[in-house]
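What TrEMBL says about this protein:
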type	residues	note
TRANSMEM	21-42	transmembrane segment
TRANSMEM	92-112	transmembrane segment
TRANSMEM	124-146	transmembrane segment
TRANSMEM	152-171	transmembrane segment
TRANSMEM	192-211	transmembrane segment
TRANSMEM	223-241	transmembrane segment
TRANSMEM	278-299	transmembrane segment
TRANSMEM	345-365	transmembrane segment
TRANSMEM	377-400	transmembrane segment
TRANSMEM	406-427	transmembrane segment
Amino acid sequence: MDYMWIRGSTQYYFDSKRSSLLLNSFILGALCYAEIGTVIPLSGAELAYMKEGNCTINYGTVDQSICNIGIGSVHARTGDILAFVFSWANTFIILPSTAAILTLTFSTYFLSGIMDNCGPPAELVKMTAIFAIVVLANVNAFSVTAANRLNIVFTLCKVVTILVIVTAGLVRIGQENLKHSFHGTTNKPLRIALAFYSGLWAYSGWGSLTTVTEELKNPKKNLWLSIVVALPIVIVLYVLTNISYFTVMTKSALLSSNAVAMTWGEVVLGSVARVLPILIALSALGSANGLTYTSARYCMVSARYGYLPEIFSYIQKQRLTPLPGIIFQTILAIIYCIPSDIEGLINYFSFVSWLFCGLTFVATLCCKFTKRDVLRLIKVPIPLVIFIILISIYLVIAPVISYPNIGFLIASIILLLSLIVYYIFIFRQVQPKFMKKLNGSIENFFNLTKSDINIET
């Protein structure tokens with residue numbers, strides 16, 4: 001992800017350089033995802049893990065009628081409820097708010113690169129972000145191949161940007177800016193928790209690939225490799241990037257900058273510094289493009305479980321893209337762009353995200369007992385799983401107690417509302433008559449057909 005471009009990241013809250021680096025190296029959660037992803041090789045990430053990780057039937061297979069109707073197994077019903085609530089939260093909070101964060105980052109840097117030092121006006125930042133969301137939606141709706149090729153270009157921009165920053169940092173490594181790095185470390189629970197929110201958001205992509213597990217070749221092997229091999233590479237690059245910031249900029253400069261990479265460029269690159277924000281903007285846009293790809297497919301998986309209206313399981317006949325999911329996520333992302341508060345959106349996103357990360361870690365722990373016979377390419381020791389569960393609980397509770405705000409309240413209301421929706425439409429199986437007609441109208445208007453990818457049970 002690309003929050004490291006915006007501010008001193010965890011440095012803003014933790015007030016200690018080396019403590020900040022230590023925090024950014026925290027990857028235990030990804031190892032849990034690697035384990036449960038090989039145990040439950042289904043698309044949908046946390047949705048599949050909560051649904052099946054809490055079912056105790058047949059060591060790795062789930063009786064769909066038990067999970068959906070709730071006959072017989074309390075564990076199956078619990079897994080179904082948790083999966084539905086996560087589906088609701090992911091659809092309405094996590095995915096669209098992340099898209100808004102990334103496109104607002106793109107907009108901020110892109111406009112900063114082409115405008116004067118006064119900075120772009122807030123309204124222009126919003127409009128540019130919304131325009132970017134619409135463009136990416138059209139690209140992903142038009143062609144999967146085009147979206148993937150575009151991502152290659154964006155990835156190249158990201159790698160070039162990181163290499164420039166890292167190289168300059170290594171050259172200046174001897175300038176003593178890392179001296180007394182632990183000085184000023186805070187012990188306040190609020191600041192530490194929000195530091196985790198800001199720092200760990202940059203690595204929150206550890207679960208993205210598990211959203212499309214069914215589309216992977218040999219998922220048990222490749223999913224494990226992607227997390228265990230690729231994630232450490234990303235972490236090394238990001239940590240070296242932060243080291244570069246610390247060796248070039250003073251603490252006060254880091255804390256006062258709203259666009260730390262741009263401030264870094266002004267110090268190091270001089271007259272060519274304006275190239276850097278453009279590269280960073282394209283990097284953020286690439287992450288948003290990848291999110292557009294996965295979020296639409298997540299909606300399709302969720303609909304196949306029966307957690308979203310059936311129309312979201314359909315694809316466009318000619319393009320073979322999940323058009324309903326793309327349109328819906330685009331609308332929600334545009335709504336989240338309106339406040340234009342990146343930091344507030346990250347806290348809002350992280351509160352919900354870490355709630356369900358914690359539940360995923362619980363599912364990982366459950367699978368160690370309920371799916372003992374499933375081959376695991378990686379095994380996280382039980383004490384470490386329990387430790388990350390406790391960390392997740394802390395990250396959810398501490399900010400709410402110490403710094404309550406409207407974002408946490410809105411997220412809580414949405415989660416509670418999902419339980420009401422579950423009771424009416426899943427447990428009681430109420431089927432509004434207009435839904436079938438509405439689905440038919442949308443299907444005909446967009447020329448859709450039902451996806452033939454089945455959920456493995």
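Here the Cβ of each residue, glycine as well, is placed from N, Cα and C on the backbone.
Highest Cβ contact count with the transmembrane segment (223-241) among the listed stretches 92-112, 152-171, 345-365, 377-400, 406-427 falls to 152-171 (criterion: pairs under 8 Å). Same-chain residues lying 6+ beyond the ends of the transmembrane segment (406-427) with a Cβ under 8 Å from its Cβ atoms: 68, 70, 80-81, 84-85, 88-89, 92-93, 306-307, 344-345, 347-348, 351-352, 399-400. With pairs at least 6 apart in sequence, the transmembrane segment (152-171) and the transmembrane segment (345-365) have fewer than 3 Cβ pairs within the 8 Å limit; the two do not touch. If you look at the transmembrane segment (92-112), the same-chain residues 6 or more away from its ends with a CB under 8 A from one of its CBs are 1-3, 5-6, 119-120, 124-126, 128-130, 132-133, 136, 204, 259, 261-262, 277-278, 280-282, 284-285, 287-288, 291-292, 295, 298, 329, 332-337, 340, 342, 345-346, 348-349, 352-353, 356, 411, 414.
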